[in-house]
Amino acid sequence: SSLATGTIITASSHHWLMAWVGLKMNTLAIIPMISKQHHPRATEAATKYFLTQAAASATILFSSTTNAWQTGTWDIMNMTNPTANMLLTMAIAMKLGLAPMHFWLPEVLQGSTIKTALIITTWQKLAPMALIFMTSNTLPTTALLTMAMISTLLGGWAGLNQTQTRKIMAYSSIAHLGWMAAITTIMPNILTLNLVLYLTTTTSMFYMLILLNSKNIKDMATSSTTSPTTTTLAMLTLLSLGGLPPLTGFMPKWLIIEELTTQNFTTTATILALSALLSLFFYLRLSYSSTITLAPNTTTTKHKWRFKPTINTTLLTTTLPMSLLMLPITPMIC
């Protein structure tokens, strides 16, 4: 309830102090969820998350104070001071996990449970994204485009070397946030569309990782013998995350590249398109390992030796069709 309340306060506030209060409620609410395992790795992840988010929240408060000192107003929509805007951009990038302030995200996800990692990569992005949407007219375009290119390249490049599914999803999140940052100041409507599709696709992917009980690539390689249908759907969701047509994930990438090219940001569009190939490579590798069971991993048992968790699949059945079948509505959106 505190997590939901903090997000709603931030998204509905017009005063910077109330937005900061909502962000702090978000941070303090997620800390017990990360550290509830009472394991040293979970405690380390909770500490890293708290320090990073506290520093980002303090920077947001400092940037809003700087702007209020110059303009005399605490209104979120009235950020006119260039220094304050740059500080705000860096702070929100740190809260989201945009490169080069991304180092905390893979480590925190790896130290958390898969359900907590789902919350960090989806719900925890809503409040900072609401601030970005409200201040999109004043944020520095050059800084956002630079961070977008670094994030997409690093998200694809660093994800190639990972075997843990939570770290793969962390670098996937970094790459997707880079695509969102690239279009923030140019077309906020596409930013909203990209965020919604990212949330639905990532949610359905995490839910299938929970159903398959897959924490690394080796678990994915043995899942096709126990849950062939879920494994096939996981493969399609991974390809949708990678932006492979005709799946839903191709739609925001298509629209972003088209808009960047229209606005003469051809270099940025080219780098984003090439970096998508890096991300698609490790998505393909993960989906290949999940559907093609190699001989050493072949098992005749119908159940894994670990306890298979039971979850409410209502959210999965809602988000999965949106993750796979929404590309034909692109002309209606355009």
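In case you wondered, yes, glycine gets a Cβ from its N, Cα and C as well.
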Transmembrane segment range according to TrEMBL, out of 233-252, 313-332:
233-252
So what's near the transmembrane segment (16-34) in sequence-distant terms, Cβ-Cβ under 8 Å and 6+ beyond its ends?
2-3, 5-10, 42, 45-46, 49-50, 53-54, 57, 60-61, 64, 67-68, 74-76, 95, 108, 111-112, 116, 119-120, 124, 127-128, 131
Report, as numbers and ranges, every residue of the chain located at least six residues beyond the transmembrane segment (233-252) whose Cβ falls under 8 Å of a Cβ in that stretch; write 'none' if there are none.
172, 176, 179, 190, 193-194, 197-198, 201-202, 204-205, 208-209, 212, 220, 223, 276, 279-280, 283-284, 286-287, 290-291, 320, 322-327, 330, 333
Residues from the same chain, set at least six apart from the ends of the transmembrane segment (193-212), whose C-beta lies under 8 A from its own:
114-115, 117-118, 121-122, 125, 129, 165, 169, 172-173, 176, 179-180, 183, 219-220, 223, 226-227, 230-231, 233-234, 237-238, 240-241, 248-249, 251-252, 255-256, 308-309, 311, 313, 315-316, 319-320, 322-323, 326, 333
Six or more residues out from either end of the transmembrane segment (46-64), which same-chain residues have a Cβ under 8 Å from its Cβ atoms?
16-17, 19-20, 23-24, 26-27, 30-31, 34-35, 74, 79, 83-85, 87-88, 90-92, 94-95, 104, 107-108, 111, 120, 131
